[in-house]
Amino acid sequence: MMQEDDYDCFRLWRLRVTALYMLADRGYDIRPEDLSQSLTQFKTIYGDKSLREDLSTVVMHSDDVTDQLLLYFSDELQITLPAVERLHRRMAEQAVNKAIVIVREGITTQAKDVIDENTARYAVELVPESDLIGGVSEGDASDEKQELMNRYRYDDFHTIDWLRDLARDRKRHKFISSQKKSSILCLIASIFDAGSGWICVLMVGIAAGATAGIIDISARWMSDLKNGICADRFWLDREHCCWSANDTVYKDADCSSWTTWPEMLGYYHQSGFYYIIDFLCYVLCAVAMSGFAVSLVRVFAPYACGSGIPEIKCVLSGFVIRGYLGKWTFVIKAVGLILASASGLSLGKEGPMVHLACCIGNIFSYIFPKYGNNEAKKREILSASAAAGVSVAFGAPIGGVMFSLEEASYYFPLKTMWRSFFCALVAGIVLRFVNPFGSDQTSLFHVDYSMKWTFIELVPFACLGIFGGVIGAFFIWCNIRWCRYRKNSKILGQNPVYEVLVVTGFTAAIAYFNPYTRRSASSLIKQLFDRCGPEDYMMDLCDYQNKTVSSDKVDDNYHTGEFGSGVSTAFYQLIVAFACKFVFTVFTFGIKVPSGMFVPSMAMGAIAGRLLGIRVEGIFGLMQKNGHTGYWACQIGKDCVMPGLYAMVGAAAVLGGITRMTVSLVVIMFELTGSLEFIVPTMVAVMFAKWVGDAIGVSGIYDAHIELNQYPFLDNKGEYPYSTVALQVMQPSGGNTLHVIEQDQMTVGEVEQLLNETTCNGFPVVVSAVDMFITGYCTRRDLQVAISTGRKTSPNVTTNSKVYFSSNVPEFDIGGSGPSPLRLKKILDLAPMTLTDQTPMEIVIDMFRKLGLRQILITRNGRLLGIITKKDILRFMKDGDSI
């Protein structure tokens, strides 16, 4: 009998579960609770020191109720004649004529002879314990768990298997649901599992809101450091410093409490030398900030550069980029974003905020194994995180959900929409609590226009949309050309730090001399969106010849439309600012610092809209002066045209022309400004921008960068009218060989040679290479892990061991010297997706898009002809119908 010192409860638990899995692979009906039994449940049922023989059980074949088998665990180290006699008695009692005996170390010759003599009556198969679990013990639990997880891990720059991951989750959920009535702990575990998604998105929302608040406050403070510092309260930015001042009147936040760098050095007289020092300090601070940001990115987290939205779209579609959503990427991108946006580069914080929120979602998902260990389920959390990113970037929770649905997400079930809404809501509440803008508002560019638009203004609004589509397509063309040149250039490609320093130096040096380019993009947009009121009389943009005394004056916003010299000056400065912003953004978007596209696009559109608004205002004012009425004029005492409204519509038009967003953009704009009255003008401009942009070039800026970087992204919203059939696209082609695995005719060495000589991500398993009838499909990673585990746990598995993907495994002679077979049916996908060779490619593409497939096997009359992978689909779509 077994000695107590040799007893290992963990080993017995793993032994029994593995043996049951072996029987399940052979077609026997095993209860799910037995296959998923935990160590605690095992101890509860069998005790801490039960005999091995107590683990024995009788199972029935799922296809034949008369086929019953005894799974027998022997207590002896070596099976002797008495043990065989006990086995035969138990088989007689159980009325079974087949048994599998799990052998510890071996069998005596006498016992083996008795088994052979009774083969006609009792068919006994001997399976070495080492073939099942090898030398595993409780101390090896972490290693075994890691090996198990490796089966469901994906290699870098590969796509996930949506169907397999979702099927795994359904199986896991079914097991948890079946256990919740067994004990109070299982019930609590079931409740926690059901609510883990909500808990995770709650944590993501809180962290995203706090992160956005810290970044906004820090970026505003550091941005003003280029101009000076608040001498009395150094922690305040320029605007809040002037709020705390006692000045009655000040222009452009130029108050007595704010101290410029020349004044810090003792130069108070605004002479030529004063401006030289101010210019040098401005440029040097900008270069230092961007240089520090690019150094952090290059040394610690190369993935922290850029916007992140193109890569996030690919990740959400199932693409795996290891480290892209890691903790180091999060930290460096957050710090780099503060530095880059403060440096004055023509970039925004909003796109990178989506990346940061997804990093938070990825980090928190590992707290919950339901999401951390399942790539398909994890993308539900990442979709909600993307919504939270837009929510905190613009103060637009609903717009964030719409952005995630329309632009970012690939798989977006209804429950993910609700979780995205909840996550965006929590993030918005936290951002409101942090109050980074100091205005007690979450809307970044809040407006309060006191007038309504007229129908005739739809014409200039549509013109803004057309302009947005044209300038957006031209911007995409210029930026992609430059990024492609950078990618292929040895000088720029190998010296990203120098490129950032040069771009920052030129940007700061040129922007310094124009008040509209010198301002941060956010403050510029806010100024262009604002109406002109009495408090703005010192601003050039609001230098109107106001009627201060008039009997028919209704409100303080009224002006004649006759421009002062300041408006004319501002008009030409805005033209120069638009050209500078366009050129700056073309060269900035894509450099190796965190950089967003939303705010620079909106700034360009706001400038164009304000310019058009000023002109339309002058025309309407002239018509009113000449006595015209109706739609062409407005009441005396009321503003005829609000140039700030045109700036808002222009911002939406250019952003729509560059990104090709529609519904989500309109929602973001009205949440961004807090204005519901002007949804129709915004919708008109956005639709015209979309139509014109698509007519010139189909791809938006993010899709263009996905194509530039050659990411395997299959857009699930596009249309592909091809007349090709699967036979013309499948691999192999041109006389190449289709690599397959035969289900029971190859050795371990032959399979390893196939793995070494090919780069395929998986292999079809066929009955034989002659008839090519499909048995299933096996991935490369599963094969590598299974062979490695088999060699580690069983010394009898050698290079010459036969590999079996079926249940017909010959009996292994434990006393012999030959190699033992390696059973791999458990890793075989028995239901791979297959299509006939004459299937139209439209159907094939739809299956890849809607099911998230990695490959489809192509057959003719049931025989395997070839395979189509996602890369084949992308290659075919790039080449078009010319194949």
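Even glycines carry a Cβ here, placed using N, Cα and C.
Those TrEMBL annotations? Automatic predictions, nothing curated.
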Subject >> Residues flagged as transmembrane segment in TrEMBL, choosing from 417-436, 597-616, 677-696 >> reply: 597-616
**OP:** Six or more residues out from either end of the transmembrane segment (353-369), which same-chain residues have a Cβ under 8 Å from its Cβ atoms?
**Re:** 196-197, 199-201, 203-204, 207-208, 211-212, 215, 307-309, 311-312, 315, 325-327, 329-330, 333-334, 337, 378, 381-382, 384-386, 388-390, 392-393, 408, 427, 594, 596
Subject >> Among the ranges 184-215, 273-297, 455-477, 570-591, 597-616, the one whose Cβ pairs under 8 Å to the transmembrane segment (497-516) are most numerous >> reply: 273-297
**OP:** Take the transmembrane segment (597-616) and find every residue of the same chain, 6 or more past its ends, with a Cβ under 8 Å from one of its Cβ atoms.
**Re:** 307, 309, 346-351, 393-394, 457, 460, 463-464, 467-468, 471-472, 475, 516, 521-522, 524-525, 528-529, 541, 563, 567, 571, 574-575, 577-578, 581-582, 584-585, 588-589, 641-655, 658-659, 701
Original post:
the transmembrane segment (381-405): which same-chain residues, six or more beyond its ends, come within Cβ distance under 8 Å?
Top reply: 197, 200-201, 204-205, 208-209, 211-213, 312, 315-316, 325, 349-351, 353-358, 360-362, 364-365, 371, 411-412, 416-417, 419-428, 430-431, 441-444, 598, 661, 663-664, 667-668, 671-672
Subject >> Same-chain residue ranges lying at least 6 outside the transmembrane segment (455-477) that approach it to Cβ under 8 Å >> reply: 582, 585-586, 601, 604-605, 608-609, 612, 616, 631-632, 641, 646, 649-650, 652-660, 681, 684-697, 699-701, 704
**OP:** Could you break down the residues of the domain 'CBS' (827-883) into DSSP helix, strand and coil, giving a count for each?
**Re:** 25 helix, 18 strand, 14 coil
